[in-house]
Each structure stands twice: as C-alpha cells, then as structure tokens.
Amino acid sequence: MGSPESEVSPDVQEQEAATDNPEVFEEDSADAAEGEDQIEQEEPPNCDEEAYNRDAAAATMQVGEDLGEEGDHVQEDPAEESCQIIPFESDSVEEDFSPTLTENPYEIFPTESTSFCNNTYSLDESANGHEPVCEICVEEVPGVGPPLNQHDSLPDGSGEDSPVVPDVVVVPENEGPVDDALSSPYVMGVGLLSLGEGAQSDTQAASGTLSGYSTWEEGDSEGGQVPVDRKNIATRARPHSGKVAGHVPETVLEETGPETCSSGMGIRDTSDEVRKIGILPEGKPPECVRALPAKPRAFTLYPRSFSVEGRESPLSMFREPEGAGLDSHRVRRKEDNLSLPGAIGSSGSFSQRSHLPSSGTSTPSSVVDIPPPFDLACITKKPITKSSPSLLIDGDTLEKASKKKKSSFKRFLELTFRKKTESKVHVDMNLSSSRSSSESSYHGPARVLELDRRSLSNSPQLKCRTGKLRASDSPAALIFYRDSKRKGVPFSRTVSRVESFEDRSRPPFLPLPLTKPRSISFPNADTSDYENIPAMNSDYENIQIPPRRPVRTGTFTKLFEEQSRALSTANENDGYVDMSSFNAFESKQQSSEQEAESAYTEPYKVCPISAAPREDLTSDEEQGSSEEEDSASRDPSLSHKGEGQSRALVIAQELLSSEKAYVQMLQHLSLDFHGAVLRALENVEQEGREPLAQEELRQGLRELPAICDLHQGILESLEQRLGDCGEGQPQVADIFLAREQEFEHHAAHILQFDRYLGLLAESCLLSPRLATTVREFEQSSQGGGQSMKHRMLRVVQRLFQYQVLLTDYLNNLCPDSAEYDNTQSALTLISKVTDRANESMEQGENLQKLVHIEYSVRGQGDLLQPGREFLKEGTLMRVRGKSRHPRHLFLMNDTLLYTHPQKDGKYRLKSSLPVANMKVSRPVMDKVPYALKIETPESCLTLSASSCAERDEWHYCLSRALPEDYKTQALAAFHHSVEIRERLGISLGERLPTLVPVTHAMMCMNCGCDFSLTVRRHHCHACGKIVCRNCSRNKYPLKCLKNRMAKVCDGCFRELKLRNGPVPGSMRERPVSMSFPLSSSRFSSGSALSSVFQSISPSTFKKQKKVPSALSEVAASGEGSAISGYLSRCKSGKRRWKKLWLVIKGKVLYTYLASEDKVAMESIPLLGFTIAPEKEEGSSEVGPVFHLYHKKTLFYSFKAEDSNSAQRWMEAMEDASVL
C-alpha cells in the first residue's frame, strides 16, 4: 500500500515542483528533450575503440575552454543539475532485466560503493504508487572546505542551513553522442530521461526516498553536523610497473596537509562546465526538489567493505569546486586509467585521519577499531588467499528472511558499468586489493561481475543478473542514483547493488585487521576466476590501526538478529594478523603463555577465556606425538577456576591436606619412635656407655613432641578457617604469624640436625638394642619402609613446602587485601627458618631444590630419597622428524625427569629415566644442530641443544652420573661390540638396533669399500651398521622382528648361526645372484652343476680394498680420542672449504669423509706443527678459523662452527703437537 503522498496526481506534483523552483522546471524540460536525443544516439557496447578515442581527443582539446566557461556558467545556472539518492526494488531476476531497461533509459551502474545495499526495489512498485522508505548512511559536513564564493550560495540562502541532506556532486556528461564501445564495467552509468517516461512514479519515489533519508540523517547524526576535512584530500596518479599497452595506472586519493587547498582536488578533465546540484532545504517538504549549493562538499557513504562487525568504511564523494585551475594535476580518464571510472579506491595506500566525532558516525575501513578484549582467534583460521574476496552480509529481519528463497546466499544484482567520459564524480572509498602490481593490465570491455554463491572459496564469477532491491534496514544499505539533466520534474532511476554472504560467520562488532596497504587496479578479463577479485574487498589487508573511538551500537541491532551470525566464530577466508606491532593495543595484548600462566609465576592475574584453544595452534605432529600434553590441559587441577573456586582457595586446601599427612607422620615419630628410642637409651645408660653422647641425643629428640604440638595447632586452625570461609577468600596467613615463637623449635632442630643423625648412627653401632629398635620402626607400618634418616628429613622438608605453598598463595591474592600483607609476613617468617637450614644443614640447598622440583612437576611422587642429589636442569628441544618440541629435563644423580612445560609455569612428567642403564652420545645429524642422544632399554630420545657448549655440558653431567663400570660398557655397546653385548645381557637380534644414518658412512663399515653409484648402502638389521651388498647377502630370522627373515651383515650372521644354529630349511635363503628357486630342476641332486654353484661363495668375488694399516687403525667413531667432530678444511692457497670428520688420537690427526667411516682418508702426525688462530681485524677475539703450520708453511686452514669449538680444537692440537 502506498502512502498518501504517493497517491497525489502527477500534475499536482509537477506544479508544486515548478512553483517552488520555476527556473529548474523550465531548464529541465529543455534538458529532458536533449536527453532523449542523446539516448537515441548512444552506440551499442560492441563498437570499436576508434570512436571513443576521437571523442576523448576532442574533449581534451576543449578542456581549457570548458574551464574558462565554468565559473560564469555556474553563476548563470546555479541549479541546473541534481543528484538524488532513492531506493530501487525489483522482484525480477534476469528475466526482468530487459523490460526494466526498456522502460528506463538509464543504464544500470553498479559500483562497489553500493555493494552493501540490503535489498532491491523495483521500478514497477514506484510507478504504482508505493512509497519506499530508505535509510541511507550518507553524512555531510558543512562548514568545512574553502569559503563560499558569492555564486556558491543557494537562491534562498539555505546553503549552510541544511545539514540533513548532503551534497552529492556529479559533473554532467556532454550532451553529444557518447561512444559506449569501451564502456568500462566499473564506470557509473549516467543516462538521460524524457519527460514522458516514469515521471509520476519518479516524483513519488523521490519523496519517499528523501523523507526516509532525512529521517536517517537526523537519527544518525543526532542533530549535529559531522565535519569532514575535504581540504586535506588530494590526488596522485600511481602507475604500476607493467608498461604495456592498455595499462591501467591507478589514481588514488591521499590525505595531505592543510596546505593543500581544495583547488587541487580535480581528478579528471571534462568537456562540460561544472553544474550546480539541488538539495532539499531543511524544513521543506521532501517532494520539493531544491537546487544544491555549488560549495564543495564531502559525503560519507558506506562502501562494500562495511563488515558485520559493526565498523563502516566511508565513501567520500566530493566535487571539484569552481575555479580549480590546476590543469596539470588533472588526469584525463581514457583507456589507460579506467581502473576505477568515477570511483577511485585505495586500501591504506594513504594515511587516513579521522575527523569524525564519536556521535555514531562512520569509520573508514582502513581505520578499523578492534574492541576489547583483544582476541584474534576468530581471524586466524586460514591464511590469506588471493581467491578470497571479502564481501558484506546485510542483516535481514525475521519477517524478511522468511520470505527469501531456500538459498542461504543473497541474490546479486548484475554489475553493469557504463562509461561516461564527461562524468566528473569523485569518490573516495577505503578499499583494498590483494593483487600485486605485476598483475595490473587493461581489463577490456564492459564486464559483469558476480560472486558465485556456490563456490566455497568465494571466487568471483562472470555473470549478469538482476536482484531485488528494497528499503534498507541497516546503515550498510546505500542506494545511489543520479539524474544528469533534471531537477524538479519526475525522473527515472538506475540502481545497482552488490551483496555479500561471506561475513555471515563473523561475530558482531569485531572488525578484521587488514594487511599491508596496496592500491587498486583490476586484473585482465581473460585471467582465471581467482584473479577477478572485486575492487571493494578491504577485509583482509593490513593497515595502521588508530586508537579506538566509541561507536553507537544501536544502529546495528538489525544486522545481528539471526543468532547464527552473532555466535559464529570467524570468516574462513580471513588471514592471521600479528597485532604485536600496533601501539594502540600494547597494554592489552598478551601472549598465549601469559594468558594461561598460573599465578604461581605472576601475582593477581585474571586470565581471559581464549576463543581459540591452544591445541588449535599446535601442529598435527605435536598432537599425534604427545597425547599426554593434550590430556594435561584437561587436568582436574587446572579446572578449579572454571568450577568457581579461586586459585588461592585451592592452594589453601592443598595446604590443609598436606598438613594432615604431615601431622600424622609427626605423631608416629614423637610417640612411637621417640618413646622407643628413649627406652633404648635408658638401657644403654644402665650399661654405662658414653652417657654424654646419649644425653645430647636425648636433647635433640625432645624437639619432636614440641614440633608435633605446633603443627597440630596449625592443622586445627586451618580446618576451622577453611570450614568457615566456604567459597570465599580464605584467611590462613595469621595462623603462622600467631605461632612465630613456636617455630623456634624448628630452628633448634635444624641447627643440630646433622649432629643428631650422626649421634643416632653411632649409638646404633654401640648399642644393638637401639639398632634393633630403629630397624623395627623402619620396617613397621608407621615407618612406611623408609629409613630413619629419610623420616627425619621429612620434618625439615615441611618448612620448604610451606615456602613454596605460601609463595604461590601470595601470588594469587589481591595486593590491596589485608591477607596479602599477612601472607608476606608469614612468608618472611618461614624464609628465616629455611635460610638457617641452608646454612647449617649439609643437604639444605639440595633438599630445598628437590622440594621445588616436586612441587613444580605434576605426576611425580616423592622425590626426597636418601642420597639423591640434584645435578642439573634445563630445556632442550625434542627432535621427532621435522618437528621440534621443548622438553624440560631435571637430572639427579640416580634419575632423569623428562617433562614438558605447561601453560601455568609447571611441568608435566612424561617419563622418569634411570641413569644406571642410560647410554649418552653426541651424534652428528645433518638437520639437527648440537644433537644429544639418550638411549635406555625402554626408549631413545634425540634432543637438540641451543649451543655446542650447552650440549657438551649436558653430555658431561649425564656421563658423570653414570656408574664407572657401566660407562665403558655402554660406550662399547654403542659401537656394536658382541662381547660387551653379552656382558650387558643384550642378545643379538633380540632388540632392534639403532640404525646408523646413511649420511654418516661413506664406506662399508665391514670391508671398507667406498660407496658409489654401483656400490650401494645396506643396513644390517641385527647391529645397525651400514655395509655394502657383498657384506649383506645373508638373511636370518630375528626375534625382534617376530622371527621374520631380515638382512644381516656377515659378522652378525656368523654370530647368530653360532648361537641359534643354522637357518631352518623352510626359511633357507637362496643365493642372491640366482634368479631361480632351489627346487628347480637345475638344482636337482643328480645335476653336476648344482654342487658347483652351491660351492661358489659370493665372497670369492669380492674385491678387497688395499688399505694402509695406519689408516685402518682408528675408526671414525672409535673411543679414546682426544677430540672428534666435523670441521671445514681447505688447503693452503685455495678458497674451497670441505666439511670433513676429524679425530685426534695418539697425537695423530685422522681425516674421514663421514663420522662412521672405518678407514681414514689420511693421517697427519701433529708433532712439530704449530696452530695459529685467525683474528678479525680490529678485534682481539678469536674467530672460528684457525691455521695449521709446519715450519712457517701453511698446511691447512680449519673452520669450526663457532669460536668455542675452534678454541677446543686448537687446544687439542697444541697438546698433540708437543711430546
């Protein structure tokens, strides 16, 4: 149903318009007649280019004349042209497109600036009297720009008093015939209209449109005027690198300083004078079309890059003011600069400065605001792809969504751009393009661009279609039209719209960070679909992000009425963006480790919930290789915060539970053990043996009942406090402060702890009854099977446990609370006692370190054991294929804790490796620097250190922890000694060997022959050596392979046959050189040749390599060498470095091609040689290069990995060069 205004007769409307502006009506009548002639003279789109070139050349010659006539003509005709903004709605799709064009002589001019129109609107409905309601996000800023000339004001003086309707400045086209042969698909078409067509419907539609627009402007601007700095906008032409015919240089808008005046805003030359444009004065009826002032104005329109996140990108439209005489700054728009006909876009190619207030105004897409909390999880799902244009989805109401078709994607209006050489519309849109400058080329004739909604990658396709355009429900909707010759009379409209469905999955009000700025141009029409990226895809390009401005959210409520849009995660085509470089969010951003870090390492930290779990950021190899790490994130101890319990309350409960166990242990010591020892000491006194020592021991044991009473009181207070607080803040620190004097019993016990233990051991030796008493207590259920020394250490251990628990508790308290200060005082009290323990006890520091490790490693039981000492800890990288994962190692003298770091700063135990059965080596691996291999009977670990010094330090500590009798056994076992294997109880073939890498052997490890193209490498599956084909012709069933036949070397074959017997007949191996089976008639018992072939051994055909004995004495991987490793060597006078394996043993330098070679290439006795380092110029430090001289003659130059390695090699060579 149309509104009452739409029912007014056309004659009445025309009379009103003429009455209000009689000059306009008369001029429009004449212009309409000219427009009809011009439409008839338009050429079809497929005509050649020569006509267009002639028109363009003629227009160029008239530039000076047009500019000279411009000012006078505008004064004579101040209201000759208007540009209106109206809705357009059409239910027709492709089949309705031709009739519409027939009725409407204007060409459809879809631009990217109209890509966010929410719906379509048909001409038929307007003609039938339906009045649409359109909300247009167009904001105008009066009062900014150059001062008005005397001809720049409206006749009625309302030029400065109409902030409701903006000025859309459009330069009219020439009245002559227009060549459409080369009409660009990206030029906004401008057609002409006769008076007879669509007159009535146009007036009605205009009234509805303008009234709707006026309502939107008033509501959005909140009665204020929005300033836009048009003075600081200039243009520049940016040609791309491709210097080809038809090349498309790009002209982008830039912001300049205040010194740039508006006269430099010209972009294209035309052959027509500048026209005035009419607007609606404030307070006048919307049906009365007024003339617009000629004052240069800018408009903020919402382009296609407006995203669902709630941030808009303004499309600034402005006109060149009269008197702009900088002809040299103008760019003639011809074939070579059709990158954006009439609409020049740029995505961050110039710095944007926002002058808009915070009253709900628009924000450019290149000035994206990211609301807190800073969360990039939703934009890090997939990398940027060239074929992923980001489009807009406009929110529809539930009623409108129910009327749509089954397809979840919105329909698109075809994109038909008509080129008008006289059009002088200047559009500044914040756009982006992912196309590189090398892809710039002429895009050919008019082209229709549409997005294939079935394409998963959202690559644009070429297709023509029309869509339904209706009044918009959101500020993202924009309907733009122009009337080139008419002002007060009815007019026809051409409307274009581009919709988007890609942003459906984005959460609301979360704008996307963009990548680096690039300029806009369009790819060739002949390229593939993924090159046809729309110009207005500014959702995945990086730009500089300014500080956030508040934006009203009430305007965008209808965009997110569908719950699926509001709750969805991220756009699948958005790329990851590192936001660490943006200064605006330095105080808000956090690393993933800091977000999940426990308050044990950072006090009073609130961790926000991350939208992307950490498991999503790990590689597939990491997830597959460490299932414990995935399960660790679901540890119940880590989920207390999610259950509503604070971390401080969890620590207090842990303190209570451990206190109960400690008090129970103290009761056994003070009652059972203390009483039994006192009775035994009385019997010793009766015997008269050293009463002084027994009295001292009795005094030391008297502290146990006092310590038990102290902790019994602490336990009762903790139970009462935690029972009363419930889920609130616990108060436990004052419990320790109230018993400050009683902790002196702990101090006295610690001071004489070592003395008491020594006296107890001596008394047990002197008194068998006391020794029996101690032994019975250790074996009883109260003793738990632990030694007396271990039980006594438990008493002191509790103080160190208090220290780590109170530290963690303190870090989870609010610094402003009273409990925070009390906890600091309690921690100071406990630290005084533990400091005494470190000073007086022999194992004080070691005990403290073991307590810290036990508290930090989850899954580890009691680390406190008699005789256990802490040696080293550190982080190494676990090597698994191409993946590298951090692993934290804790080395004690009897065990190695292999853990991986957790998010809260603690560690998850993966395995505990006994040091006694460990084999440690430093293998040389191609892609693993500073490798360290740890082998045990159960597992094999390959680790990588950060430096050679760190690797060597770990190797030294691990080797020192090995038992002396096991070191040589493990080292010999690594080098495949059968005798050592027997001593270690490792039978050949029962366990899979460690295969030698193929790059570590350049010759057979059995016979010493060199490997070549014909002599290939083969692994022995019994010992792991690399041997040649002649040395591996035998196979034997191995237990480690479930008795399957496997290739073994000759030495292992002999050993296996000697131990397990010959190969069973059913599994007997035929000669490799024979291609027919043993059951063949050729091998029958009656054949004379069978015995001959069977007697021939392949070893008889071996070519034994003649090797000097001096080169075969030492193997490359042999033990007992002073130093070994890879060095780069070059001969004197040459510059070519060659990487070789060098070994110094017995004052001889052996050179090998690889680390597992059996025979050396050469050997050099180092006696008499001198070593000199090569120092860098201007530096006294020794570099990685050093030289080997013999009698002042340069013999060799060597280059190590670093200076430390070079220093060790030089020291070893100097030692070997001296007798």
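Backbone N, Cα and C atoms are what each Cβ position is placed from, and that goes for glycine too.
Swiss-Prot has this to say about the protein:
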type	residues	note
BINDING	CYS1004, CYS1007, CYS1028, CYS1031	Zn(2+) 1 binding site
BINDING	CYS1020, CYS1023, CYS1049, CYS1052	Zn(2+) 2 binding site
COMPBIAS	319-337	compositional bias 'Basic and acidic residues'
COMPBIAS	357-367	compositional bias 'Low complexity'
COMPBIAS	586-599	compositional bias 'Low complexity'
COMPBIAS	631-644	compositional bias 'Basic and acidic residues'
DOMAIN	869-963	domain 'PH 1'
MOD_RES	THR555	phosphothreonine
REGION	1-85	region 'Disordered'
REGION	94-113	region 'Disordered'
REGION	201-227	region 'Disordered'
REGION	310-367	region 'Disordered'
REGION	586-644	region 'Disordered'
ZN_FING	998-1057	zinc finger
Rounded inter-Cα distance in Å - CYS1052 (Zn(2+) 2 binding site), CYS1031 (Zn(2+) 1 binding site): 10
8 Å Cβ shell about CYS1004, CYS1007, CYS1028, CYS1031 centroid, Zn(2+) 1 site members excluded: MET1003, MET1005, ASN1006, GLY1008, CYS1009, VAL1027, ARG1029, ASN1030, SER1032, CYS1049
Could you tally the C-beta atoms, other than its own, that fall within 10 angstroms of the C-beta of CYS1004 (Zn(2+) 1 binding site)? 26
Within the domain 'PH 1' (869-963), residues counted as helix, strand or coil by DSSP: 14 helix, 49 strand, 32 coil
Counting across all protein chains present, how many other Cβ atoms fall within 10 Å of the Cβ of CYS1049 (Zn(2+) 2 binding site)? 28
Cα proximity to CYS1031 (Zn(2+) 1 binding site), best match among binding-site residues CYS1020, CYS1023, CYS1049: CYS1049
Measuring Cα to Cα, how many Å separate CYS1028 (Zn(2+) 1 binding site) from CYS1049 (Zn(2+) 2 binding site)? 9
Helix, strand, coil residue numbers for the zinc finger (998-1057) per DSSP? 17 helix, 16 strand, 27 coil
Nearest to CYS1007 (Zn(2+) 1 binding site) by C-alpha distance, among the binding-site residues CYS1020, CYS1023, CYS1049, is CYS1049
How many other Cβ atoms sit within 10 Å of the Cβ of CYS1028 (Zn(2+) 1 binding site)? 23
CYS1052 (Zn(2+) 2 binding site): tally of other CB atoms within 10 A of its CB: 28
Averaging the pLDDT values of the zinc finger (998-1057) gives 88
Rounded to a whole number, how many Å is the Cα of CYS1020 (Zn(2+) 2 binding site) away from the Cα of CYS1004 (Zn(2+) 1 binding site)? 11
Quick check on the binding-site residues: of CYS1007, CYS1031, whose CB has the lowest count of neighbouring CB atoms inside 10 Å? CYS1007
What Cα-Cα separation, expressed in whole Å, is found between CYS1004 (Zn(2+) 1 binding site) and CYS1049 (Zn(2+) 2 binding site)? 11
